[in-house]
Amino acid sequence: MTADTRIHADQVDAATNELDKKRKTRLNKLQKRLRREVGQAIEAFNMIEAGDKVMVCLSGGKDSYAMLDILLNLQKSAPVDFELVAVNLDQKQPGFPEHVLPEYLASIGVPYHIVERDTYSIVKEVVPEGKTTCALCSRLRRGTLYGFADEIGANKIALGHHRDDILETFFLNMFYGGKLKSMPPKLVSDDGKNMVIRPLAYAREKDIAEYAELKQFPIIPCNLCGSQENLQRQVIKEMLQGWDKTNPGRIETMFRALCNVVPSHLADTALFDFKSLQLGFPHGIADPAALAGFRAESDEESSSGNGGVQTMERIDILSL
Ligand code: SF4
């Protein structure tokens, strides 16, 4: 090796080391942030308690990998003992790389199950050609996973939806369904048998995507079935991403709004007893219990640290 070649090789090594150092620093930073956000969500919604057996649903996408990774990480330092079991539903889509998840899960030493159920054939049979299949596919997946949670005695089912999924669902329901509702971070299934939790509820999709890339999770795409992503969801996603570029901070503000609902200043008569409003009482309600969920002006002040513009907007709305 000539002196020139050695100098060049040393420079390449130094540049590679510098890059590795930067990646490591970024990875640590993201991991800390995701740990903090997942920890806050778990606490705020009392998602995980001592003795829980949590079935972590793994699709092979970035979100579920990140969820499992962060939950395993938190489990090590959590003040309470709980169990984590990873579960993947192999829906028999053509081209699904069956070996990827078992290999990954075995490599990290987490208990896991692969459930095989050919929902792909059912969906193809039932949904007319050209129509989007995701709704039925998700319903069948959900039903199978809920049933499997009972079989293995898991009392919680963790899904990898994040803050941006929650916001997208909120706008989808508002724009196309005429409802003010989203995906809750915690809910009981319709039959009352399963408790679903979404530990990534406070986490941003772009952080998760970057984390997944830095961790080099073996991602399996969710379009092996050839279905298009729901067009309406795609439109909403693009709208939100556009806002994020043109109005930085708006996404955060909107998500805070979902966590800060004022039923007395909406118009749902089932949610707030407008008929019983009376003069002479604070907020027009004689029974203090009826004020549950109502945020007084003092809440306004305590949240004013979130930005003057937001406070002004809320004051304007409240004074209408
Ligand atoms: S893209 Fe395919 S596998 Fe994914 S939810 Fe839709 S139908 Fe199911």
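A Cβ is built for glycine as well, from the same backbone N, Cα and C atoms used for every other residue.
All TrEMBL annotations are machine predictions without curation.
Here's what TrEMBL has on this protein:
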- 53-217: domain 'tRNA(Ile)-lysidine/2-thiocytidine synthase N-terminal' (DOMAIN)
- 59-64: motif 'PP-loop motif' (MOTIF)
- Cys134, Cys137, Cys225: [4Fe-4S] cluster binding site (BINDING)
Inset, instruction - Sort out for me which one of Cys134, Cys137 has the most neighbouring CB atoms within 10 A, since those are the binding-site residues we care about. - result: Cys137
Legend entry - Rounded mean pLDDT for the residues that make up the motif 'PP-loop motif' (59-64): 96
Inset, instruction - Indicate whether Cys225 ([4Fe-4S] cluster binding site) is helix, strand or coil by DSSP. - result: coil
